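These come from TrEMBL:
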COMPBIAS  1-10  compositional bias 'Low complexity'
COMPBIAS  23-36  compositional bias 'Pro residues'
REGION    1-46  region 'Disordered'
REPEAT    55-100  repeat 'Hemopexin'
REPEAT    101-145  repeat 'Hemopexin'
REPEAT    147-194  repeat 'Hemopexin'
Amino acid sequence: QPTVCTTGPPTTRPPERPTAGPTGPPSAGPTGPPTAGPSEAPTVSLDPAEDVCNVNIFDAVAEIGNLLHFFKDGKYWQFSENPGRRVRGPFLITNKWPALPRKLDSAFEDPLTKKTFFFSGRQVWVYTGTSVLGPRRLDKLGLGPEVAQITGALPRSGGKVLLFSRQRFWRFDVKTQTVDAKSAGQVEQMFPGVPLNTHDIFQYQEKAYFCQDRFYWRVSSRNEVNQVD
C-alpha cells in the first residue's frame, strides 16, 4: 500500500493528523464530516501501533457516509477531505457495528439505500442504520465455495456493485442481494493495467483503487489507469 501520510488521499494509507490548523484549501469531496455520536469516541491509547501512519496494510478500505474508512484489527479510522482534523480515530469497530468480527476483508456502502455491506471470509453482514442482517454465508449471494473471500467492491449505478475475489469479479444486485452468475469476469479484461493480486479494491470520489502491498492503482471512469507509489 502507498506510503502517503504526508501527501493526502485517496489512498490506503491516510495522511498524518495535522498539528495546526488547515494546511491548504480542501479538494473536491465531502463538505464536512458528520458529527460523531457517543459510540464514536476514539479509543485512548499511547500505543504507537495505533497510529494510522504506522499501519502498512489495512484489512479493508471503504467510503461510508462520505468519509473514507480504514479498518485494521478491530479498529478503524476516518478520513475527511476537509481542512482541520482530517483523520479521526482509532475507533472500535464493535462500538458502531457490534455484530462484526475483528478482521474484515472488504466493505461498501450502497449510495441509493445507504445499506453498508461488510465481508469477512465467507460471511457477509448488512447494516441499515443500527439494524443488522447476518452473518450470512456467501452461498446466499450466489457465490460458491470456490470463492474464499471478497477482496473488494465497486458500487455502480442502478443499485449494482462489482464484487471481487482475487482475479475474478461478479455483478451484485443490492435489491435482491444476489450476484448474476452470467456476469462473472476476469479483472485483467475489464481493468487492464492493474495488478492481479490486489488485496483491497474500493471506490472513492467515483474512482476505483486497486491496492497491492504499499502501492495503489487509480482507475478513472474512463478506465484510465495511474500507478501511484
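Cβ from N, Cα, C; glycine included.
Counting residues 6+ beyond its ends, the repeat 'Hemopexin' (101-145) has Cβ neighbours under 8 Å at 59-60, 62-65, 69, 71, 73-74, 93, 151-155, 159, 161, 163-165, 170, 172, 174, 177-179, 181, 200-203 in the same chain. Residue counts for the repeat 'Hemopexin' (101-145) under DSSP, helix first, then strand, then coil, are 4 helix, 22 strand, 19 coil.
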